[in-house]
Amino acid sequence: MPALSRWASLPGPSMREAAFMYSTAVAIFLVILVAALQGSAPRESPLPYHIPLDPEGSLELSWNVSYTQEAIHFQLLVRRLKAGVLFGMSDRGELENADLVVLWTDGDTAYFADAWSDQKGQIHLDPQQDYQLLQVQRTPEGLTLLFKRPFGTCDPKDYLIEDGTVHLVYGILEEPFRSLEAINGSGLQMGLQRVQLLKPNIPEPELPSDACTMEVQAPNIQIPSQETTYWCYIKELPKGFSRHHIIKYEPIVTKGNEALVHHMEVFQCAPEMDSVPHFSGPCDSKMKPDRLNYCRHVLAAWALGAKAFYYPEEAGLAFGGPGSSRYLRLEVHYHNPLVIEGRNDSSGIRLYYTAKLRRFNAGIMELGLVYTPVMAIPPRETAFILTGYCTDKCTQLALPPSGIHIFASQLHTHLTGRKVVTVLVRDGREWEIVNQDNHYSPHFQEIRMLKKVVSVHPGDVLITSCTYNTEDRELATVGGFGILEEMCVNYVHYYPQTQLELCKSAVDAGFLQKYFHLINRFNNEDVCTCPQASVSQQFTSVPWNSFNRDVLKALYSFAPISMHCNKSSAVRFQGEWNLQPLPKVISTLEEPTPQCPTSQGRSPAGPTVVSIGGGKG
């Protein structure tokens, strides 16, 4: 427990003695921390993951994951402390119903406590203190708080830390408060940041001696003074660039812009694009050449908080050589909520590649739903589920006898997506989860390495389900490419590469017309969902009463599907793919039960008095 203290500092030892004592204490602390986290941290750092929380960079979070302890060690750096700071997690990044930890002062004494907020955002002391404060320290950079939190606490007021996206909330206290309950969240400088906290514990493979690097970077552009910008830049590979394997990539973020660069992707243009005009500018610019729309094959994707991405030692992603475009498109998403002006940037992605091709080519396969309006979400829904199938018939035909091995995944929906999950089904039984995000955000998409490689055999089924929220919409949301339309996709990265590039489904269009015919007969409203109209127009005409909603849900749960078992040429494998029955699932996976921490891992029931030294900030 930190020593009790007031704000004032006491006389100390000489500078040389203090420096020696400080360096010794830091060294001992790091040794203890590394030992406590052994097996969960790369050797070079006990806290390897870092993100800026606020746009100004005054709050920075570092962390590590201990799967043996089922806990996370957080270090929060407060560069300019005023009267305190608030940090925590909530379902979608709201201050309401949040799980919080708060450092505050009453003007005389500083306190640290586990807290929670109710539906109105009122903050309360949590009687079960699951954030364990380990150290408070002044450094040249500012004040650092080191604390520990279990993944799950079995406290109904707490957030369950799971695989996938976590919405972090933070707030800066500008003035003292007499008590925790007196803190008014509505008057705070608040913000949110999205991140994957539970990083996979995968050792970094050694790079081969012949590995080369290529930087795909923005050419010292000036970040536009607006909140959101997508910047596109075309890079051309050297003429005669032979076939290589990408084996690793990592972000290059211009120093000082860490809080502005939200995510980045590198795409390869379509093979038939033998020439693409050079371009550097906003992706929505009227000056953008149309040919850039054909640069959509993902080579690399990075999002805030992610570190380097490694391919398995036996596989690499092929690029260059015959049948491969020489043109790459970099897309950088700048998030500039403070509308900062005059900031130059050369961020991008560094590719590591080798001319010595590995045993297997890695491939990317699309799972989920076909981009079609026959799959729709009614308006004013809080959790409407759509499901796409990769059937046993397709995997039996398209996969090699030894199967494939999925090592990474990128989930994707548009604006109303809230959850995404892909489950592997074998012999009618849910076998394992490929990837799951219960707090998915369309504003935070990255290629994530899986904790465990998932092997898919011929005859297996892959089921991808997406949950949507359309509470703020008055009309049905149909499937399609538009940003106000919806998607449900899992781009899985696997090896060895096969001809199967797309394994997706949609409800049979004929059965959907039977739905429209049914509601025409059973609804008294003067509405015509007539077959001569487009499917989108038909959905627009539906009066969304409870009957029509329930019947649509039922239709999607039993009606036959149209399967798209497609090669990279967009041609389906030979076979009958229409009016296919839904795969049968006779048993499902049990929900994992969180481990409840012992009382030894908790702090005392009340606030902890802490020494933050150096005055009020």
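Backbone N, Cα and C atoms are what each Cβ position is placed from, and that goes for glycine too.
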Matching residue for the Cu(2+) A site, where Swiss-Prot names H262, H263 - out of H244, H297, H333: H333
Record Swiss-Prot, residue C394, disulfide partner from C154, C212, C565, C596: C565
Candidate from M365, M375, M487 that Swiss-Prot assigns to the same Cu(2+) B site as H412, H414: M487
Cross-link partner of C488 (disulfide, per Swiss-Prot) out of C466, C528: C466
Close recorded positions near N566 (N-linked glycosylation site), where close means Cα within 10 Å, chosen from N344, C390, C394: C394
Assigned element (helix, strand, coil) containing M487 (Cu(2+) B binding site), judged by DSSP: coil
Among C154, C394, M487, C503, C596, the one of these recorded positions whose Cβ has the fewest neighbouring Cβ atoms within 10 Å: C596
Euclidean distance between Cα atoms of C154 (disulfide bond) and C269 (disulfide bond), Å: 49
Lowest local Cβ density among C232, C283, C390, C466, C488, which the record lists as disulfide-bonded residues, within 10 Å: C283
Of C269, C295 (the disulfide-bonded residues), the residue whose Cβ has the fewest other Cβ atoms within 10 Å: C295
Largest tally of Cβ atoms lying within 10 Å of a Cβ, found at which of the binding-site residues H262, H412: H262
